[in-house]
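Quick look at what Swiss-Prot lists:
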TOPO_DOM  51-928  topological domain 'Extracellular'
COMPBIAS  247-261  compositional bias 'Low complexity'
COMPBIAS  287-300  compositional bias 'Low complexity'
DOMAIN    408-497  domain 'PKD 2'
DOMAIN    503-593  domain 'PKD 3'
DOMAIN    693-784  domain 'PKD 5'
MOD_RES   THR973  phosphothreonine
MOD_RES   SER977  phosphoserine
MOD_RES   SER1008  phosphoserine
MOD_RES   SER1030  phosphoserine
MOD_RES   THR1036  phosphothreonine
Amino acid sequence: MEKRLGVKPSPASWVLPGYCWQTSVKLPRSLYLLYSFFCFSVLWLSTDADESRCQQGKTLYGAGLRTEGENHLRLLAGSLPFHACRAACCRDSACHALWWLEGMCFQADCSKPQSCQPFRTDSSNSMLIIFQKSQTTDDLGLLPEDDEPHLLRLGWGRTSWRRQSLLGAPLTLSVPSSHHQSLLRDRQKRDLSVVPTHGAMQHSKVNHSEEAGALSPTSAEVRKTITVAGSFTSNHTTQTPEWPKNVSIHPEPSEHSSPVSGTPQVKSTEHSPTDAPLPVAPSYSYATPTPQASSQSTSAPHPVVKELVVSAGKSVQITLPKNEVQLNAFVLPEAEPGETYTYDWQLITHPTDYSGEVERKHSQSLQLSKLTPGLYEFKVTVDGQNAHGEGYVNVTVKPEPRKNRPPVAVVSPQFQEISLPTTSTIIDGSQSTDDDKIVQYHWEELKGPLREEKISEDTAILKLSKLVPGNYTFSLTVVDSDGATNSTTASLTVNKAVDYPPVANAGPNQVITLPQNSITLFGNQSTDDHGITSYEWSLSPSSKGKVVEMQGVRTPALQLSAMQEGDYTYQLTVTDTAGQQATAQVTVIVQPENNKPPQADAGPDKELTLPVDSTTLDGSKSTDDQRVVSYLWEQSRGPDGVQLENANSSVATVTGLQVGTYVFTLTVKDERNLQSQSSVNVIVKEEINKPPVAKIAGNVVVTLPTSTAELDGSRSSDDKGIVSYLWTRDETSPAAGEVLNHSDHHPVLFLSNLVEGTYTFHLKVTDAKGESDTDRTTVEVKPDPRKSNLVEIILDVNVSQLTERLKGMLIRQIGVLLGVLDSDIIVQKIQPYTEQSTKMLFFVQNDPPHQLFKGHEVAAMLKSELQKQKADFLIFRALEISTVTCQLNCSDHGHCDSFTKRCVCDPFWMENFIKVQLRDGDSNCEWSVLYVIIASFVIVVALGILSWTTICCCKRQKGKPKRKSRYKILDATDQESLELKPTSRAGSKQKGPTLSSSLMHSESELDSDDAIFTWPDREKGKLLYGQNGSVPNGQTPLKSRSAREEIL
């Protein structure tokens, strides 16, 4: 149960004040001050205000907290910042965990075993902090850090949290499956049945701190769940010595128990001002130790609740149209003979709009049917005789996969016919449809007249040109995203040029009224496909004998005059280039005269103020059915001495006016001498002029990127009216900024392209008498608060080609790269960068609470993601990505140029071009020029030494001489001569055979077969000329050789 309250003091601060003040009244005055000092000291020590004992333990992001029982979860009243919420929890001894959920602060009392359980939430703004206040995690009733199977049951080990882009790395708690199984086996082997001894259950004296709620269970109590059965009345409160005085025990209602009996539960008697609901979350139940009902029950042994290991199986995943599944619960240990377990299935998590049917909710197997797509989480509770356990399982229902339907090729028009000189047309195939999308169009000309090349295109709309007469048949084949195809045909007929006869048009019938007796007829609306060569007007035979004068009878316009009352019919004949003719007739009706008197109009009354003493009288708006032939202006009333100029015209001028009222009468006449009169009043007043008053609405404050402003001076006033406005800019104002539509001469001044700074403008108003007045106002332009977080991207596209639809696609692609929603990317400005590129400024924020992401992090992440993706991931190639304001630190050896967005290094420093080219591409000033010169010199010297060494080794290798081999291939003749030679004497060496190779020529080949040179001659160094030349190639003592060696 939750409570909403302020910062809660410690229980000791409630008990000690009453004790101190009641006791101090009984003391003598001499000891009153000493006793009061002692009480204040004890009170200060009991407030737990020392936050040094408050050590923060684990912090879980995206997690919430649920508690068992009542008064364990409290919501602090009011809106507190995070640091105030944490400080309040540190000061409160009953606060062991802090749950911060979207600006709301919840404190949890986890002093009882297993009273606080974390769970995963879908909110990214949820954070759970566990404090260590001189107690271990087990003592506080929270999960120990090694109890990771419970975290797996909450879904933190199987589901990766949503990636928090730009704000931090994702938090994922995972446990290997082998470790999970070992923990389950260890828990199964535990002996959970422990019966406390009589001495341990004896009542002990409770001091003030114990009465304040400082009853912390031991770690053994956390691991062993003990329930105490008892019978209590629903309206009776039993005070026990084991619990504080402000805690009462009431029976907990159960659906299987009567209102007068049940299991007692502890409920605090403290009252909170208001109650506030908590976020809805799944309910996890754990058995907790309960206090003894009475001191007499401590001597009897308590039943022990065994913990059951319950498994609902692995998560189930089905795909529609299959919408049924059966969940089975498995329990260890199995029920004893004669004992059965009760099962209770509960739906914890489900989709927003879901439906389905559940059967056998209280059996071991749960049957689900008619499920809708989404994620369902079920909890099964198993109870037996003094045994309890829970299990969880997820069921995921996926929507039915889409079945592809082949596309439908549609051409429009399917049949088309044109005639020369029209030689081009189009056939539209873009109306072809598919259940997903069409990825390819292919047009093929199946039949047509003989031409140079047939038509074959891959576009949705086929554009045809330079057609020749004949019949064409075109085939359209469409391919959808799944590779299915469909085809259709379109027919086109091109006819030869046809010369159609002309179409004569003499115009509509005309009606005139005497005395008008002339009119012009027009036949230029006549048409022909190749042009008209002649026009001829004539009087119709039905109008022969009527008097009329005709001019231009062989032109498109016929002029008629001297017509009399009656009907005239005229005939127009037109001839084209082929000599074909067409005729048309038109009738002119001449009506008799019907004259009406004219209508005089002298115009509106006028009011003048001296020194203006003249005005004009306008009667030009007078009308007549025929025409007005005369005007006459006369003074009917008023002071004498005025002069009328042009009194016989429609517009007259009156001069010499004095103060007073004048009445002037206008008389008009028509041709039949019919007349009409009208009067106009002219009032002349004395001059009383007041200077004008200039007034501007007020100062204007503009915050960039809004760069327009409006200054309203229309509240300026004058008794006669303001004739001119003039806005001027003060000399101290920034020169940037433009005036729109010459509004500096109008009451309202419109400004654009303002820059940061303060503008001062002066308004000068002038009346008809030349008197003027001025007013002053300021326009303060504040800098853009998002300027440091703005990111600019240069796109390779003309700004006129970037449509709103393409802009939306680009924003969605950038959102995918950054891992944010489309609505989180706010485009501030799109403007041309060059003739073929466009610059787009945007920033990224999360929704809510609209926290801006850092611009340099957004730019860096966008660059990194684009390097990982393909070059054409974005619909337009990104030429450059950077922040609007240059935020490079230049390695603290230079400054950043705001125009080029690159570092300008200090003297003796230069850019690390290797890092720029191979890594992040950001400009820097990391290298010292001196070190670069030294390193370059060392590299050049090392390369020179290496090159010299390589050349020397190569020359030495080439200088070693190579001994040429001297061999001769034995033939049959040589072998026979070797066999016929006599054997040498003992001790003498065998004579060498005759050699005749290209390298060693013997003179024996030229003389005779008896001349034989022996090897001893060679051993003595007497080589014959002609064998190896005159230059010796080296001599070495010869060893005794065999016959074959001597031959070789």
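Cβ from N, Cα, C; glycine included.
Keep in mind the model is a prediction, meaning the values are calculated, not measured.
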Next item on the list: Kindly report the helix/strand/coil residue split of the domain 'PKD 5' (693-784) according to DSSP, in that order.
Entry: 3 helix, 47 strand, 42 coil
Note to self: Could you give me three numbers for the domain 'PKD 3' (503-593), the DSSP helix, strand and coil residue counts?
What the structure shows: 3 helix, 48 strand, 40 coil
Check: What average pLDDT does the predicted model assign to the domain 'PKD 2' (408-497)?
Finding: 92
Check: Where DSSP helix means H, G or I and strand means E or B, what are the helix, strand and coil counts for the domain 'PKD 2' (408-497)?
Finding: 0 helix, 50 strand, 40 coil
